[in-house]
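> Here's a structure for you.
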Amino acid sequence: MEQILDVESLKKLTPEQQKTLISGVKQQAAILTAQNMITDXSERCLTKCITXPGSALSXTERQCLQRCMDRFMETYXLASQXLQNRVXEEIAAXTRMT
């Protein structure tokens, strides 16, 4: 979907095409959100753990980075699971309504 659709074009889509388009947009938004979260966490961990410039990481810096990223990934996995559960509940609720 490289081209941008105008409102009139969107109105002409079938309900199935609209669902497909919305699903694709949601998927792209989720990917972008995940990328931004990973970038943010990486920057935070680097800022927290790397205290002085050098040609190599010290053992303390490596451990700090590992722990920081582990905590981030654990938190991210929990948040993602909760979001997936919520989306599934909303889909199930919408399905029951139709």
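The first residue you see is number 1, and the count goes up from there.
Each residue, glycine too, has its Cβ placed from N, Cα and C.
Pasting the relevant annotations from Swiss-Prot:
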- Cys45-Cys68: disulfide bond (DISULFID)
- 45-68: motif 'Twin CX3C motif' (MOTIF)
- Cys49-Cys64: disulfide bond (DISULFID)
> For the motif 'Twin CX3C motif' (45-68), what are the DSSP-based totals of helix, strand and coil residues?
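Tallied per class, the motif 'Twin CX3C motif' (45-68) gives 15 helix, 0 strand, 9 coil.
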> Report the same-chain neighbours of Cys49 (disulfide bond): residues 6+ apart in sequence with Cβ closer than 8 Å to its Cβ, ordered by sequence.
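Correct list: Glu61, Cys64, Leu65, Cys68.
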